[in-house]
Amino acid sequence: MMLKFIKSIFKTPSDRIIANLKSKIQQVHSAESSLAKLSNIELRNKTSEFKARLANNEPIDNIQYEAFAVVREAAKRTIGIQHYDEQLIGGILLHQGKVIEMSTGEGKTLVATLPSYLNALMGKGVHVVTVNDYLAQRDSDWMGTIHRFLDITVGCITSNTNEHARKIAYNSDITYITNNELGFDFLRDNMQFTNQSKVQRGCNYAIIDEIDSILIDEARTPLIISGPVSDNTSLYPIINKLITKLNKDDYEMDEKLRNVTLTDLGINKLETMLAEINILAPNSNSLYDFENMHLIHYINQSLKAHTLFRRNVDYLVKNGKVIIIDEFTGRTMDSRRYSEGLHQALEAKEKVEIQNENQTLASITFQNYFRMYTKLSGMTGTAMTEATELKEIYDLDVVTVPTHNPVQRIDYDDEIYSTKKDKYSAIIQLIQECYSKGQPVLVGTVSIEKSEELSKLLHSKKIPHNVLNAKHHDKEASIIAQAGRIKAITIATNMAGRGTDIMLGGNAEMLVDQSNLTEEEYQEKLKITKMQIEQEKEQVINAGGLFVIGTERHESRRIDNQLRGRCGRQGDPGQTKFFLSLEDDLMRIFASDRVTNILRTIGLKDGEAIHHPLINRSLATAQQKIEAQNYEIRKNLLKYDNVMNDQRKVIYEQRNEAISSDNVNEILHNLTEELIVETVHKFIPPKSYKEDWNIHGLVKEYHHIFNVKLQLDSIEATDSSLKVIEYLTKTAFDIYKQQEQDYSAKSANEAIKHIFIKTLDQTWKEHLYTLDHLKQGISLRAYGQKDPLNEYKREAFDLFKQMLLHLKYLFIQRVARLHIDLASSPKSTSSLLETSDNNLKSKIITENSMAHKYFGKISRNQLCPCNSGKKFKHCHGALK
């Protein structure tokens, strides 16, 4: 009571912002009064009028309220829905680049039509981002009706959209798309060889639905495009078999940090088993001998697969493949694989086909991707718990928008039991009570395993129900849409159909099958169904509305709030209650020993529940600790990714410059001049005496780079390094001029551009591989009293400089050996690029033989003499 009294006196920042905006809403109503008289064509023509005003440099905010009024009127005429005042407030806040928190059922999808229309008038594109293909398609079809009526083009991109259709969709005024498709299209675009092959047109304005899920839950996992490497996978099943023979004394597991390590007993046992099957190196009996170090990687990953990763919790097996389950949404992530051999270890554990390990070709986090947008905003039902992170990472303010009708949902206190068995018995009893009076129930679980366990108990009681988890995700929308019908019992994992409202009495549109009906028959049947649903809705309301049951607390308070928010939409009644046990993961791993000891001391009897403020406070504290821990992980990931992001910007900028350039001679000449200066200074140090010059070394090096034998006399006749540089530069440029004469300037330019882009991609890919390895072991620097992040920054920068040097060296070396056989192939760009590729492949052999000829006998672990900074075996010695 005291808290409510204080809140009534001291308004929150959100309250003050909303109060200021309420006066602005009147401007929308004023503008709308004249619009109602317009014909459809006249209303549509307002779009071209707005565009003309913006083209004359009128500020977009000047037309905001009139544009909102146009959208409101168009929505009324097309889909029969009019924006509430609260939705207009939400639209204003989204246009301002804020995150709005709106309760379930308050019409966030409709709100997005306001700022998306307004900003689409600028002609730079608006992306409305959703969490899955179904919602992207649904919103595009439904809300797109409003936009198309107003002569605004609308596109939709899902995982099944082809390249041509993607380009058309991105060029639309408004594009509905998932976050994954956006990120992967960005990475793919930066692997294309021409601007025409790219599909995106830049990052202007994005409205992110379920923004907390995308920018927070998924921020820990970077988007990666990878390619297979020819690593040996034969060891995974062998090591897997040995790991199954270990027991709990052979390893120590920390569930809180999700880490597992072998004990001395486990190491000894493994060494014995490895020796018996002749896996250890000859004359070696220790796993940690240098010759056996590679085995540790396989052992660690297999141990993790068996102890930390559970089937139907962290992953599922479908059609002979291990598929990751998103821990936050409960959905499958079909296109993703665990890195560093973990996925292969899981495949060995589940005895399915083991695929090769992958190497990163391109990578970006959602954090860095969405920060590229000129303007960003978002919507969700639960954002206030993450307001600090959204502000610190993305500079986004969160504002809570009031509900249109007062919330009538009742949230009961948690019930805590000593065992899972007692907890499930209480849940089943409550479900039976609700079922007997016709009250619909939604049961939220944290994993597939738990949802199927509960389903078996309901089957044993002969209670009909639906199960919604990653195994049945294809029926997600239809199951959730009907979860508000009389006697409907629905068990769902975290996914819980976010984005699909649970309507009391059911959803008429989804109940009527239109496939075999004429439009007239469909409308008639829909009318009858809606009347039946209205009657059913009254019965459900009288029974108490939808009852949401939580079977355990999640690690994040936000996900608990999302589950509660499934009921009580638009002022409907609803009830929620969480059932917990001391055996739940959250209680077992994170709750304090003090709480557990108190409960053990109390000595709960079988089937007896406890309600205690200390328990609720302890749970809230445990959740806050986990949220803080996950926030630190995300912040840390961003700090490391920022290092790569700066480098990524340089590479992508250089790549795009080359692709867009009609003439790459400037790039070629600049890099040639830089390389020649560096090479000359290596053999003729600045301000050195002539007798200290290493002319023989310089001649060999120049021949290795440009495939040209210099006359010693020409260099010996000069008296300064500057003149040597001029002579060598002229010689190199003469090579390029000769190529233009031999093949034509256009053909040579196309081939050189192709060589530059391919060489850039190759060196960048190798650099990412090196950074991956650097990142894996960098945390160990802390033991040497060094900051791992600073060490990573320093070494990553050094590696980047070495990569740029290697790029320069390899590119010029390849151009100098360019040969296009015009006699045997037509003079077209496509065939020219193909010929250029073939020449590059054949040239590699030449490079390698030259490397051994001029470098002599070199250890494979020595640094390559070409100054790339790489080991010889990874550079010129890699092609042996």
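Cβ atoms here come from the backbone N, Cα and C positions, even for glycine.
Quick look at what Swiss-Prot lists:
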BINDING   Gln87, Gly105, Glu106, Gly107, Lys108, Thr109, Asp501  ATP binding site
BINDING   Cys864, Cys866, Cys875, His876  Zn(2+) binding site
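Taking the features listed in Swiss-Prot, we show where each one sits on the structure.
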residue: Gln87; record: ATP binding site; contacts (Cβ under 8 Å, 6+ apart): Glu106, Gly107, Leu110, Val111, Leu114, His404
residue: Gly105; record: ATP binding site; contacts (Cβ under 8 Å, 6+ apart): Asp501, Gly568, Arg569, Gln570, Asp572
residue: Lys108; record: ATP binding site; contacts (Cβ under 8 Å, 6+ apart): Gly90, Ile100, Met102, Asp209, Met379, Thr380, Gly381
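Comparing the binding-site residues Glu106, Asp501 on other C-beta atoms within 10 angstroms of each C-beta gives the minimum for Asp501. The Cβ of Thr109 (ATP binding site) has 18 other Cβ atoms within 10 Å, all protein chains considered.
In this structure the residues listed as binding ATP are Gln87, Gly105, Glu106, Gly107, Lys108, Thr109, Asp501; their two most distant Cα atoms lie 17 Å apart. Each of Met102, Thr104, Leu110, Val111 belongs to the same chain as Gln87, Gly105, Glu106, Gly107, Lys108, Thr109, Asp501, is absent from that list, and has a C-beta within 8 angstroms of the C-beta centroid marking the ATP site. Counting Cβ atoms from all protein chains shown, Gly107 (ATP binding site) has 19 others lying within 10 Å of its own Cβ. Gln87 (ATP binding site) falls within a helix when secondary structure is assigned with DSSP.
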